[in-house]
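Quick notes on the structure that follows.
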Amino acid sequence: MWRRVASLSSLISSKRSSTLNQAAYSFKFFESFTTETPTQGKDGRFFKGKTPFITFVLGGPGSGKGTQCEKIVENFGFTHLSAGDLLRREIISNTEYGAKILDTIKEGKIVPSEVTVKLIRKEMESSDNYKFLIDGFPRSEENRIAFERITEADPDIVLFFDCPEEEMVKRVLNRNQGRVDDNIDTIRKRLKIFESLNLPVVNYYSKRGKLYTINAVGTADEIFEQVRPVFAAHEEFST
Ligand SMILES: Nc1ncnc2c1ncn2[C@@H]1O[C@H](COP(=O)(O)OP(=O)(O)O)[C@@H](O)[C@H]1O
Ligand SMILES: Nc1ccn([C@H]2C[C@H](O)[C@@H](COP(=O)(O)OP(=O)(O)O)O2)c(=O)n1
Ligand SMILES: [Mg+2]
């Protein structure tokens, strides 16, 4: 599996310049969203005195991140923050940036990191919990670096749901949630972005010994039996 990640990572150099140009272009739209300065110290002050326990949940579109997050919430008392849901909420609320976020998501592209990190941070700040599942984030090295810079926090655990592309496509096309990005054209684009931008993040956490790779094929319950021991090892999470 890691050979596959490495070979996919090597595709990045050829794609990187066009992807970065795209990112720079779309970033202009969001510039005024990005004026916040870091407020959290490493002592986790804004988490009401408790050091946050952060789990990043990674995997391609349709790999089952959201489904497994629900089970982790039920069993281990985490607060689930889905980056995609937070962005979709901005679209529905018709905020100043909603239309730009919608365009970006329709195109299968990634919203500028400062926008997404600001939404995640706001949720973390207003939560009474200290255990967070951050689902669908970071989707790029840029996302990862922005999170570190803005929150000064690091994940404790990174879950990666490893799923074959044809299975992801099948699941997304059957998802039936009325999402603008759940169509075959956008899925193809999202899978390309996933390979070029998300797999380097997976690789990064693997090298740092934080990655738990889960085989995402099987029933949701079977998959959860691989996830359970990751959290069960932390006694404090038993609810
Ligand atoms: N293990 C599984 N087997 C088959 N279908 C699944 C499985 N896990 C989730 N699904 C379904 O696949 C679709 C995508 O799952 P979801 O949890 O939304 O994935 P993600 O958040 O990674 O995009 C949903 O319709 C979900 O009900
Ligand atoms: N960190 C993130 C997460 C999601 N997005 C955007 C781009 C993604 O294609 C959409 C949907 O993300 P979401 O995590 O809900 O998608 P899946 O659950 O993987 O199907 O949101 C983003 O720009 N940055
Ligand atoms: Mg999801």
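Placement of Cβ uses the backbone N, Cα and C atoms for every residue, glycine included.
As the structure is a computational prediction, the values presented were derived from the model and not from experiment.
Here is what TrEMBL says about this protein:
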BINDING   Gly62, Ser63, Gly64, Lys65, Gly66, Thr67, Arg175, Gly218  ATP binding site
BINDING   Arg88, Lys109, Ile110, Val111, Gly136, Phe137, Pro138, Arg139, Arg179, Arg190  ribonucleoside 5'-phosphate binding site
BINDING   Asn143  CMP binding site
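Within the set of binding-site residues Lys65, Arg88, Ile110, Pro138, Asn143, Lys65 have a CB atom less than 6 Å from some atom of ligand 1. According to its DSSP assignment, the residue listed as 'CMP binding site' is helical.
Packing around Gly64 (ATP binding site) is summarised by its Cβ count: 24 other Cβ atoms lie within 10 angstroms of its Cβ, all protein chains included.
Not one of the binding-site residues listed as Gly62, Arg88, Pro138 brings a Cβ under 6 Å of any atom of ligand 3.
The candidate set comprises the binding-site residues Arg88, Arg179. Of these, Arg88 has the most other Cβ atoms within 10 Å. The candidate set comprises the binding-site residues Gly136, Pro138, Gly218. Of these, Pro138 has the most other Cβ atoms within 10 Å.
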